[in-house]
Amino acid sequence: MTPISQRISQKSPKLRETKQIQMTTTDKSAGIVTDSEAGPETSLLLNPHEGSTKKAPSDSYHFAYIIYFTLGVGFLLPWNAFITAVDYFSYLYPSTAVDRIFAVIYMLVALVCLFVIVVFYAHKSLASFRINLGLLLFVIALLVVPVLDLVYVKGQVGLYAGFDVTSAAVALSGLGDALMQGGLIGVAGEMPERYMQAVVAGTAGSGVLVSLLRILTKAVYPQDPDGLRKSANLYFAVGIVVMVICAVFYNVAHKLPVIKFHEERKNEELIREKSEEKGSLTGLAWRTTLWDIVTKVKSHGFGIVLLYMVTLSIFPGYITEDVHSELLTDWYPILLIAAYNVFDLVGKCLTAVFMLEDEKIAVGGSIARLLFYPLFWGCLHGPMFLRTEIPVTILTCLLGLTNGYLTSVLMILAPKSVPLRHSETAGIVTVMFLVVGLASGSVIAWFWVI
C-alpha cells in the first residue's frame with residue numbers, strides 16, 4: 001500500500017472545520033461541525049509547518065453562497081429544458097419514444113464521461129477548465145433546438161433528421177453535465193458544507209424554475225402545435241440566459257476573498273502532498289489512491305443510488321401517466337410535479353438548518369424509502385380513499401422532501417470523509433453514483449409499473 005493509501009485509510013479528516021474553541025482537539029469522533037454551531041465562515045486552517053492559524057473571511061452579503069446556488073440551478077437546467085419540451089418533440093416525431101431516448105442518451109454519455117474524467121483527468125486537470133467547457137457545451141446544445149426550429153423544422157411533423165440533430169444536442173448536454181457537475185461538486189466538496197448545500201439546493205431550484213415556466217406556458221399559450229412550439233423555445237431561451245449568468249458568476253467567484261481563502265488552502269495541501277510524496281500521483285499510484293477514495297465514499301454512494309432508483313422509478317412517470325383527477329384534469333400531473341420540486345427544494349434547504357452527520361442513518365433513510373412502492377401502489381389499486389388527490393399529493397410531497405434532504409446530507413458528507421486534497425475526486429465519484437441511481441430508476445420505470 002502506498003503512503004497516500006495509508007493516510008486515506010487512517011483518521012478521517014472530519015475535523016477540518018472545527019470551532020475555534022476546539023481547534024486543538026484531535027478526537028476522531030468530533031465529526032463535522034455544522035454552520036449553526038460554528039457560523040458559516042469560521043473554518044480554520046491549521047498549518048503544522050508554520051504553526052499559525054488562519055481564519056476564513058466572511059461571505060459578504062452571501063455572494064459566494066448565491067453563486068454556488070445559481071451554478072447548481074445551471075447544470076441541471078439544460079436537461080430540464082429538453083425533458084420539459086418533450087410534448088413538442090413528441091408532436092414533431094410521433095413514432096419515437098422521445099423521453100426514453102433522451103434519457104438513455106443523456107445518462108449514458110454523462111456516466112461514461114464521468115468515468116473517464118475521474119480515472120484519467122480529475123487529478124491532473126483544472127476544475128475551472130472543465131466547468132467553463134461544460135458551460136460552453138451547454139450553451140451550444142441549448143442553441144441547437146431554437147436555431148434548428150427556425151431554419152429547418154419550422155414546426156413541421158416527421159422531419160426525423162431534426163430528431164437526430166436534437167439527440168446529438170442531448171448527448172452534448174450529457175457531456176457538459178459530466179464536465180460541469182463533476183467539477184462543481186468536486187470544488188464544493190473542498191469548501192465548508194454550506195457551499196455543497198447551496199449547489200445541491202440549486203439543483204432543486206432548477207426543477208422549481210422549470211415547473212413555474214411549465215405552469216406559465218400552459219396558462220398563457222394554447223395547447224396546440226403553435227403553443228407547444230412557443231413554450232419549447234421559451235424553455236431553451238431561459239436556459240441560455242441562465243448559462244450565461246452562470247459563466248459570469250463562476251468566473252467572478254474567484255475574486256471573492258472567501259473563495260480565494262479556500263483555493264489557497266487547497267493549494268497548500270497540494271504542495272505539502274508533493275513534498276511528502278516527492279512528486280505527483282500517476283499511473284498505479286493514482287489508481288490505488290482512487291480505489292481507496294471509492295472505498296471511503298461507497299456507503300454514501302449506495303445511499304444515493306438507492307435514493308434516485310426509488311425516486312426516478314416513481315417520478316415523473318407514475319405521476320404523469322398513472323394518476324388522474326376529474327377535478328384538476330390535465331393540470332393534475334403538472335401540479336404534482338411542481339409539488340415534488342418545491343418539496344425537493346425544501347428538503348435540500350433543511351440541511352442549512354439541521355445537518356444529520358451520521359451517514360449510516362442517512363443510508364438507512366434511503367433504504368426506508370422503499371416503502372414508497374407499496375404506498376404508491378395503494379394509490380392505484382388500494383381502497384377508494386387512497387385513490388383521491390389528497391393521498392397522492394401528500395405522498396408526492398414526502399417523496400420530494402425525503403429525496404431532497406437525504407441527497408443533501410449524503411452529498412455533503414461524502415467529500416468530508418477523505419483528506420482535503422482528495423475531496424474533489426470524492427465529489428466526482430459521488431456524482432457517478434448519482435448518475436447510476438438516475439439510470440437505474442429510469443430503467444425500472446420503463447419495465448415495471450406500480
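Glycine is treated like the rest: Cβ placed from N, Cα and C.
Feature annotation from Swiss-Prot assigns transmembrane segment to 63-83, 101-121, 133-153, 168-188, 196-216, 234-254, 300-320, 334-354, 361-381, 394-414, 430-450; the stated evidence is sequence analysis.
Only pairs six or more apart in sequence are counted, and the transmembrane segment (361-381) with the transmembrane segment (133-153) gives fewer than three Cβ pairs under 8 Å, not enough to call it a contact. Between the transmembrane segment (101-121) and the stretches 63-83, 234-254, 430-450, the greatest number of Cβ pairs separated by less than 8 Å involves 430-450.
Same-chain neighbours of the transmembrane segment (133-153): 74-75, 78, 81-82, 85, 92, 159, 161-162, 165-166, 168-170, 172-173, 175-181, 183, 229, 232-233, 236-237, 239-240, 243-244, 246-247, 250, counting only residues six or more beyond its ends whose CB sits under 8 Å from a CB of the stretch. Tallying C-beta pairs under 8 angstroms between the transmembrane segment (168-188) and each of 63-83, 196-216, 234-254, 300-320, 430-450 places 63-83 first. Sequence-distant contacts of the transmembrane segment (234-254), counting only residues of its own chain at least 6 positions beyond either end whose CB sits under 8 Å from a CB of the stretch, comprise 64, 67-68, 70-71, 73-75, 77-78, 80-81, 84-85, 128, 131-132, 135-136, 138-139, 142-143, 145-146, 209-210, 213, 217, 260, 263. The transmembrane segment (300-320) shares the most Cβ pairs under 8 Å with 430-450, out of the stretches 63-83, 196-216, 430-450.
With a cut-off of 8 Å on Cβ pairs spaced 6 or more residues apart, the transmembrane segment (196-216) and the transmembrane segment (394-414) reach 3 or more such pairs and are scored as touching.
Taking Cβ pairs closer than 8 Å, the transmembrane segment (394-414) reaches residues 32, 185, 189, 193, 196-197, 200-201, 204, 297, 300-301, 303-304, 307-308, 311, 314-315, 319, 336, 339-351, 355-357, 359, 362-363, 365-366, 369, 372, 375-376, 379, 426-427, 429-430, 434 in its own chain, all 6 or more past its ends.
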